[in-house]
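Colleague: Please read through the structure below; I'll follow up with questions.
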Amino acid sequence: MDLYQQGLQPLLFSALKADPETVHRQLMRTCAWLDRNVDQGLAQGLQRRLASSLQVEDPRLSQSLWGLSFANPIGLAAGFDKDGVATNIWPRFGFGFAEVGTVTFHAQPGNPQPRLFRLPEDQAALNRMGFNNQGAAAMAKVIAASLDRQARSYPLGINLGKSKVTPLEQAVADYVGSFQLLKTYGDYFVVNVSSPNTPGLRSLQAVEQLAPILAGLQAENTEGKPLLVKIAPDLEWKDIAAIVDLAQVHQLAGIIATNTTIRRDLKTERIAATGNVPSEEAGGISGAPVRSRSTDVIRFIHKQTQGQLPIIGVGGIFTAEDAWEKLCAGASLLQVYTGWVYEGPWMVRRILEGLLVKMQEEGIQQLSEIVGQK
């Protein structure tokens with residue numbers, strides 16, 4: 001237990017009765033200020049303090065993937081920095097990479113509030129945000145300005161979604177339009193067709209719907225940027241296998257497994273903010289309830305591809321043990337979001353230090369050696 005878990009987290013979660021989205025918005029304003037004011041003494045001092053407290057630098061954690069250098073395997077998942085306003089800050093928190101978005105071609109407000117709920121009894125969150133963001137053109141300007149201020153020191157992914165106003169039959173143009181605006185600014189790109197919070201979006205996981213999207217993006221991808229697809233944990237095995245086959249046909253760089261689940265296997269009986277039972281609330285569940293299924297999906301994909309298609313594992317990672325399990329199942333990289341909210345800013349450091357201890361115990365020289373070994 002650290003200061004965050006003992007003091008700040010209980011205060012934010014219960015005592016202040018703070019709306020989770022309001023807290024998140026305030027945090028992002030602070031991070032955006034740090035990013036914009038990198039030349040100011042106060043911001044510089046805070047960045048140095050964050051880095052010295054939260055970063056772990058050890059070559060045994062590093063790897064090269066898709067021609068990119070990852071200092072460590074822990075990344076910030078999409079959904080946290082939706083508009084890319086703090087891209088220079090995330091390494092200071094210890095992350096080896098980060099993924100911004102989900103961003104859509106058209107700016108959109110997302111779904112009505114309240115739309116984000118904590119489920120502490122389950123170490124989970126329920127969200128139905130609906131891809132609220134300022135749009136791809138706005139993100140391009142923000143990231144360009146950030147790069148003018150400071151060279152990027154780590155890989156940045158950009159997660160692309162479909163605009164709500166765009167009909168499903170025009171999805172290809174919507175995704176390609178966002179990619180055209182942003183392809184200069186991302187080190188890798190993710191096709192998000194698995195959020196449960198945009199009507200009809202998950203239907204784009206069907207091979208006949210997904211194939212033209214991937215083909216359109218790859219036709220525009222003249223620089224060969226790594227392109228991945230993010231899938232839902234609720235798919236049947238045959239559907240996952242079909243997506244894996246399609247990914248290989250279209251020469252995707254990898255798969256992100258997994259997004260949030262629409263299943264409601266929870267301890268939480270009623271959501272405090274609404275008084276409703278979880279089954280009455282729309283949205284996806286993230287955090288601990290997704291842990292086991294996401295690991296199973298990772299293991300399935302790794303076996304299906306004989307380890308030839310890199311996987312970014314996400315879902316229910318709170319500890320070094322959780323991270324180790326997903327790496328052994330076949331994930332080359334990992335992402336966190338809900339666990340970071342519950343465990344606090346020291347979580348990444350604790351996970352990395354725990355992985356190094358485990359490597360020492362197992363006689364492992366390089367962390368990448370354990371990928372897919374169990």
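Quick reminder: no glycine exception, Cβ is built from N, Cα and C everywhere.
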Colleague: Need a hand: Swiss-Prot gives Asn127, Arg128, Met129, Gly130, Phe131, Asn192, Asn197, Asn259, Thr260 for substrate, which of Lys82, Lys303, Lys326 is also on that list?
Modeller: Lys82
Colleague: Report the candidate from Thr30, Thr258, Thr268 that shares the FMN site with Ala78, Gly79, Phe80, Asp81, Lys82, Thr102, Asn159, Asn192, Lys230, Gly287, Gly316, Tyr337, Thr338, as recorded in Swiss-Prot.
Modeller: Thr258
Colleague: Which ones in the same chain are close to Phe80 (FMN binding site), with CB under 8 Å and 6+ residues apart in sequence?
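Modeller: Expected: His24, Tyr337, Trp340.
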Colleague: List the recorded positions among Asn159, Ser195, Lys230 whose C-alpha is within 10 Å of the C-alpha of Asn259 (substrate binding site), in sequence order, or say none.
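Modeller: Of everything listed, what lies within 10 Å of Asn259 (substrate binding site) (Cα to Cα) is Ser195, Lys230.
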Colleague: If we check Cα distances from Gly130 (substrate binding site), which of the recorded positions Ala78, Lys82, Asn159, Ser195, Lys230 wins as closest?
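Modeller: If we rank Ala78, Lys82, Asn159, Ser195, Lys230 by Cα distance to Gly130 (substrate binding site), first place goes to Ser195.
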Colleague: Using Cβ-Cβ distances, find the residues under 8 Å from Asn159 (FMN binding site) that belong to the same chain and are at least 6 apart in sequence, listing them in sequence order.
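Modeller: Listed in sequence order, they are Ala78, Gly79, Glu99, Val100, Gly101, Thr102, Val103, Phe189, Val190, Asn192, Lys230.
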Colleague: List, in sequence order, the residues of the same chain other than Lys82, Asn127, Arg128, Met129, Gly130, Phe131, Asn192, Asn197, Asn259, Thr260 whose Cβ lies within 8 Å of the centroid of the Cβ atoms of the recorded substrate site.
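Modeller: Output for this site, in sequence order: Gly79, Thr102, Gly110, Ser195, Pro196, Thr198, Gly283, Gly284.
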Colleague: Far apart in sequence but close in space: which same-chain residues, 6 or more away, have a Cβ under 8 Å from Ser195 (active site, nucleophile)?
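Modeller: The list for Ser195 (active site, nucleophile) reads Thr102, Phe131, Gly161, Leu201, Arg202, Asn259, Thr260, Gly284, given in order along the sequence.
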Colleague: Round to the nearest Å and give the CA-to-CA distance linking Gly287 (FMN binding site) with Arg128 (substrate binding site).
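Modeller: Per the Cα atoms, Gly287 (FMN binding site) and Arg128 (substrate binding site) stand 15 Å apart.
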